[in-house]
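Undergrad: I'd like to ask some things about the structure below.
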Amino acid sequence: MKGFYMYYLGIILASVVGYFLGSISWSIIIVKKVGNIDIRTIGSGNPGATNTVRALGKKWGLVVAFLDALKVIFTSIIAILLSLIPSSLFSQTSYFIPCIFALIGHCFPIYYKFKGGKAVSCFLGLLFVVNILYLIIFLIVWFISVAISRKVSVASIFSAFFVLIIMWIPYLNGVSYFIWQWNGLEQFSVAWKNYILFSLLNSFHYWFSNIWASGMLEGNIIVLIGGLILGLRHSQNIKRIKNKTEPDTFPRKKQAIKN
């Protein structure tokens with residue numbers, strides 16, 4: 001039992017804090033403050049960035065998306081601070097694992113009877129923490145998809161699925177070959193130097209201790225879990241997409257009929 005706490009106490013503490021941090025619903029707070037509206041009673045009823053756009057416009061939707069992504073990033077920063085504590089209880093605190101609990105908190109917030117958002121903005125924060133290249137690819141695919149489909153749900157689901165596929169491709173994930181080890185810095189020093197160029201926050205492990213960092217496999221598994229949660233949270237959207245009843249988030253402008 002002592003050995004368990006020796007390696008995982010920092011992860012447990014950061015994960016608990018991350019869950020409570022993730023449970024903060026910025027869409028509920030901001031829409032109520034700015035528009036005096038309960039976002040859960042309008043539009044899709046979902047407390048997220050897209051429904052905030054419906055309630056307050058694109059500007060506030062972007063604000064909510066940014067703040068939701070920050071919940072995951074701040075959770076990683078908390079893990080970083082814990083890892084700096086000069087004790088074996090905290091020195092190997094993962095920066096990735098606690099982030100998934102922030103995403104779970106967003107979807108199932110304790111402050112709002114476990115009824116939360118659909119994880120897209122938090123997934124963006126997760127991609128930023130794990131691998132900045134994943135985030136860039138997601139955003140490129142998302143903007144193209146939303147321009148074609150006019151549906152945020154379609155763009156979000158497709159972009160997440162696309163990232164879940166390409167993240168296993170060498171070089172796109174920052175390494176030249178697959179690294180399976182969690183604590184593999186010594187054995188793969190050259191590959192790690194390439195990997196942490198894309199995993200910015202993970203680089204702190206290397207800079208501060210020079211002996212340990214979260215592995216590529218760990219990061220990809222966390223992204224996979226986040227992507228699956230995102231997909232499950234969009235299950236109703238997927239049904240409507242199949243039935244061709246999913247409404248456009250950004251309807252196309254109707255062309256005037258010339259006589």
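Quick reminder: no glycine exception, Cβ is built from N, Cα and C everywhere.
So Swiss-Prot lists these for the protein:
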- 11-31: transmembrane segment (TRANSMEM)
- 62-82: transmembrane segment (TRANSMEM)
- 93-112: transmembrane segment (TRANSMEM)
- 124-144: transmembrane segment (TRANSMEM)
- 152-172: transmembrane segment (TRANSMEM)
- 188-208: transmembrane segment (TRANSMEM)
- 211-231: transmembrane segment (TRANSMEM)
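Any idea what these are sitting next to in the structure?
TA: If you look at the transmembrane segment (11-31), the same-chain residues 6 or more away from its ends with a CB under 8 A from one of its CBs are 37-40, 47-49, 51-52, 55-56, 60, 63-64, 67-68, 71-72, 74-75, 78-79, 82, 93-94, 97-99, 101-106, 108-112, 116-117, 122.
Here the transmembrane segment (93-112) has long-range neighbours at 10-11, 14-25, 28, 47, 68, 71-72, 74-76, 78-80, 82-83, 118-119, 121-123, 125-126, 129-130, 201-202, 204-205, 214, 218-219, 222, 225-226, 229, 233, meaning same-chain residues at least 6 beyond its ends whose C-beta is under 8 angstroms from one of its own.
Here the transmembrane segment (124-144) has long-range neighbours at 65, 68-73, 76, 95-96, 99-100, 102-103, 155-156, 158-160, 162-163, 166-167, 172-174, 198-202, 219-220, 222-223, 226, meaning same-chain residues at least 6 beyond its ends whose C-beta is under 8 angstroms from one of its own.
Panel annotation: around the transmembrane segment (152-172), residues 50, 118, 120, 123, 127, 131, 133-134, 137-139, 141-143, 145-146, 178, 220, 223-224, 227, 230-231, 234, 237-238, 241, 246, 249-250 of the same chain, lying at least six beyond its termini, place a Cβ under 8 Å from a Cβ of the stretch.
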